[in-house]
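Since the structure comes first, as structure tokens, the remarks are kept for the end.
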């Protein structure tokens, strides 16, 4: 997979793309990162990439020419997904991460200032994505979130690919609790079932705890889920435990 990032602050990505899972994925040549300062594509001798909005108002607006020149110069006739990070975009979720992970080439545009010239949205971008109902200084941090969630889904990116499958949201449920040594710490004990070596019982416990946690913290996820007979049985047990 190739990932291109267009930003006015390329230095923000240096540590992120060379560390942890992203750095290892790059070393394994599972992903090829390219970070470009789109100010370099300004025709102004001062590198201007923004201007005042028509009709008045506060703030500055990113001009279309530098971004069109930068992105089209890279992609040519190819049509990769060009993603604009902005609070007006569709809410980001795991299913979208899985969809983007299937692409061979992704382009991210990270903006600043008041906003983008609307022609960028209409004629250059294929996707607008938001990571939440709040405003950040720019799109860089949001792009990092999306890139991390996509790259970790690439085969070979994680030491144990099962981790990606079992993560919260991948199954439609929040993830079950994890424990490691020691078996007892300050009087708090690891559940006996996890020490039993009985794999079927362990899997049942994990599913039940995922359901318990999802029901308590994100009941909306259960409403969207096609429940199996086993899930229905375990949910009934959870209801009985309340009585």
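Yeah, the Cβs are placed from backbone N, Cα and C, and that goes for glycine too.
These come from Swiss-Prot:
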- 111, 131, 132, 133, 134, 135, 136: S-adenosyl-L-methionine binding site (BINDING)
- Cβ-Cβ under 8 Å from residue 135 (S-adenosyl-L-methionine binding site), same chain, 6 or more residues apart: which ones? 87
- Item | Where residue 111 (S-adenosyl-L-methionine binding site) sits in the secondary structure, as DSSP reduces it to three classes | coil
- Query: So among the binding-site residues 111, 132, who's got the most Cβ atoms within 10 Å?
  - Reply: 111
- For the binding-site residues 131, 136, which one has its C-beta crowded by the most other C-beta atoms within 10 angstroms? 131
- Note on the structure: Same-chain residues at least 6 apart in sequence with Cβ under 8 Å of the Cβ of residue 134 (S-adenosyl-L-methionine binding site), in sequence order, are 87
- Query: Looking only at DSSP and grouping its letters into three states, which state does residue 136 (S-adenosyl-L-methionine binding site) belong to?
  - Reply: coil
- Message: Can you tell me how many other Cβ atoms are located within 10 Å of the Cβ belonging to residue 133 (S-adenosyl-L-methionine binding site)?
- Response: 7
